[in-house]
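The structure under discussion appears below in the form of structure tokens.
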Amino acid sequence: MEKTLSIIKPDAVKKGVIGKILDRFESNGLRIAAMKKVQLSKEQAENFYAVHKERPFFKDLVEFMISGPVVVSVLEGEGAVLKNRDLMGATNPKEAKAGTIRADFAESIDANAVHGSDSLENAKIEIEFFFKPNEIY
């Protein structure tokens with residue numbers, strides 16, 4: 001069964017919409033195989049987003065991701081990567097379709113409520129970043 005990583009970002013955690021977001025996953029056939037609430041260190045955020053290191057938004061992204069706790073989850077289901085990306089909506093909430101997580105809960109392109117793996121290969125890497133195999137059920 002396909003797995004993907006989801007991060008509920010600090011803006012959505014602060015707003016108290018964790019349960020509403022998790023319900024979207026479960027209501028659409030994604031099972032929560034692992035989950036934890038963590039406060040990322042600057043080093044962890046830099047390592048997780050290392051692929052964006054040379055991009056102009058990197059510093060702001062890292063600062064945002066350490067501004068409060070996040071909820072990381074492993075979602076499992078048929079076509080989990082694409083299904084999660086469809087549920088999240090466009091990166092910019094102004095462009096996200098009505099009814100998507102970002103359209104409903106995101107503030108801006110920076111504070112956009114959620115992160116989701118963009119491929120099966122990255123899902124594997126991202127899941128291993130946060131979870132040991134014995135933490136996924």
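Glycine too: its Cβ is placed from the backbone N, Cα and C atoms.
Values in this document were obtained by computation on a predicted structure and should not be read as measured data.
With LYS9, PHE57, ARG85, THR91, ARG102 listed by Swiss-Prot as binding ATP, the candidate from ASN47, ASN112 annotated for that site turns out to be ASN112. ARG102 (ATP binding site) is surrounded by 24 other CB atoms, counting those within 10 A of its CB over all protein chains shown. In sequence order, GLY116, ASP118 are the residues of the chain that are 6 or more apart from ARG85 (ATP binding site) and have a CB within less than 8 Å of its CB. Across the residues annotated as binding ATP (LYS9, PHE57, ARG85, THR91, ARG102, ASN112), the widest Cα-Cα separation comes to 21 Å. Its Cβ placed at the centre, HIS115 (active site, pros-phosphohistidine intermediate) has 20 other Cβ atoms within 10 Å.
Of the listed binding-site residues, namely THR91, ASN112, the sparsest CB environment within 10 A is found at THR91.
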